[in-house]
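Structure first, then comments.
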Amino acid sequence: MKRIAILGSTGSIGTQALEVIAANPDSFELEVITAYSNTDLLIEQALLFKPNVVVIAREDLYPIVRDALQNEDIKVYAGANALCSVVEMGTVDMVLTAMVGYAGLQPTIRAIQAGKEIALANKETLVVAGQLITELAREKGVNIYPVDSEHSAIFQCLTGEFHNPIEKIILTASGGPFRGRTIEELQYVTKVQALKHPNWDMGAKITIDSASLMNKGLEVIEAKWLFGLSNDQIDVVVHPQSIIHSLVQFQDGSIKAQLGLPDMKLPIQYAMGYPNRLKSDYPRFNFLDYPQLTFEQPDLKTFRNLQLAFDAMAQGGNMPCILNAANEIAVGAFLRDEVGFLEMSDLIESCMAKVTYIAHPSLSDYVETDRETRLLATDFVKNKTV
Ligand code: NAD
Ligand code: MG
């Protein structure tokens with residue numbers, strides 16, 4: 001029986017993780033759920049699953065959650081610090097980091113310091129501070145299990161192969177809703193168009209990242225740290241059907257792939273249940289329904305965010321942290337119609353050129369870099385010449 005804390009239980013990954021827990025009551029027990037602001041869903045989840053602890057990150061919403069759960073044997077806390085404290089509780093075995101963005105960094109560090117297993121969905125944490133996080137995990141003997149479907153695919157291909165060096169990995173990308181478009185065509189695309197992903201139903205931020213290919217860029221950096229790879233060991237190929245979730249090539253030239261219908265519940269339950277494959281009744285993939293699986297080169301000139309992510313990884317230090325913070329501000333601004341689709345790349349490039357570069361950042365350097373980048377990026381949005 002594994003006791004699970006879900007950070008971000010009201011999101012796309014969080015709600016699917018709850019489905020996995022509900023379907024496997026002999027394997028998992030829900031100990032903690034947390035959310036940022038969706039009190040209605042958080043309360044509903046608490047009444048249904050009866051975890052021991054509930055955290056609402058926005059402190060002003062605390063009375064709503066407390067009052068709704070006052071007749072239950074459930075502790076209710078509020079605030080960002082509470083997120084960091086609850087992951088340290090003795091009753092938690094594994095923390096699923098399903099919150100979005102930089103806000104996941106501190107609780108993930110605290111969970112690793114407390115020796116908790118991590119099921120990592122929050123890729124931004126590894127993008128911002130991959131070296132620090134993986135070194136800390138090694139020092140504490142903590143395993144980080146990937147939830148991201150591509151990284152789960154690679155992890156599944158590596159099972160039984162941990163003694164065999166990787167030659168390279170190939171991350172597959174769907175290409176998103178704008179695959180094949182030209183720069184001219186991308187100039188006036190709207191958030192409504194960008195929010196329609198062809199294969200996956202996800203939170204707003206990652207859906208915009210998928211449309212701009214920044215998601216693949218973040219995943220390249222995530223893979224570097226998860227699997228200890230050098231930059232030239234990571235390739236990206238566009239595979240619009242999203243059936244092959246990623247591939248590993250070994251030193252004998254053999255390539256292993258993991259396949260399946262796009263459904264995040266599988267990688268979530270693989271991360272939570274490892275090393276066991278839990279029985280599921282999700283729809284099965286049938287080759288005859290997909291007579292053609294196709295592959296293309298990503299268009300790095302049109303989808304500049306992917307190139308910027310490769311550049312940030314090559315420069316190292318705090319550059320991926322700058323990339324991430326600038327992107328979070330860019331996506332927020334795009335979702336509020338304050339910048340256009342292509343302007344997101346202009347904003348990120350400008351921040352990468354201007355924010356103070358630090359070759360060997362400490363945790364406090366990352367915090368300062370994130371702050372400095374957000375200020376600059378916010379300025380960019382306010383003062384941009386349209
Ligand atoms: P989402 O927007 O649907 O949900 C985000 C969750 O985080 C919500 O529960 C929200 O309450 C919480 N949250 C947001 N900001 C917070 C803050 N400042 N403090 C505390 N909690 C906060 O996002 P999602 O699509 O579920 O994605 C979550 C993470 O998983 C992201 O890092 C994303 O890149 C990654 N991921 C998602 C998918 C997917 O299919 N959705 C696939 C792979 C990886
Ligand atoms: Mg992914």
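Glycine is treated like the rest: Cβ placed from N, Cα and C.
Worth saying up front: this structure is predicted, and the values here are computed from it rather than measured.
GLY203 is the residue from GLY203, GLY217, GLY228 that TrEMBL records in the NADPH site together with THR10, GLY11, SER12, ILE13, ASN38, ASN122, GLU124. Of the listed candidates (HIS163, HIS197), TrEMBL assigns HIS197 to the same 1-deoxy-D-xylulose 5-phosphate site as LYS123, SER149, GLU150, SER174, SER210, ASN215, LYS216, GLU219. By the criterion of other Cβ atoms within 10 Å of the residue's own Cβ, the least surrounded of the binding-site residues ASN38, ASN122 is ASN38. Taking only the Cα positions, the spacing between HIS197 (1-deoxy-D-xylulose 5-phosphate binding site) and GLY203 (NADPH binding site) is 11 angstrom.
Residues THR10, ILE13, taken from the binding-site residues THR10, ILE13, GLU150, ASN215, GLU219, are distinguished by a CB atom under 6 angstroms from ligand 1. Calculated from their C-alpha atoms, the gap between GLU124 (NADPH binding site) and GLU219 (1-deoxy-D-xylulose 5-phosphate binding site) amounts to 9 Å.
ASN215 (1-deoxy-D-xylulose 5-phosphate binding site) is surrounded by 29 other CB atoms, counting those within 10 A of its CB over all protein chains shown. Of the listed binding-site residues, namely THR10, SER12, the sparsest Cβ surroundings within 10 Å are found at SER12.
All protein chains considered, the CB of ILE13 (NADPH binding site) has 28 other CB atoms within 10 Å.
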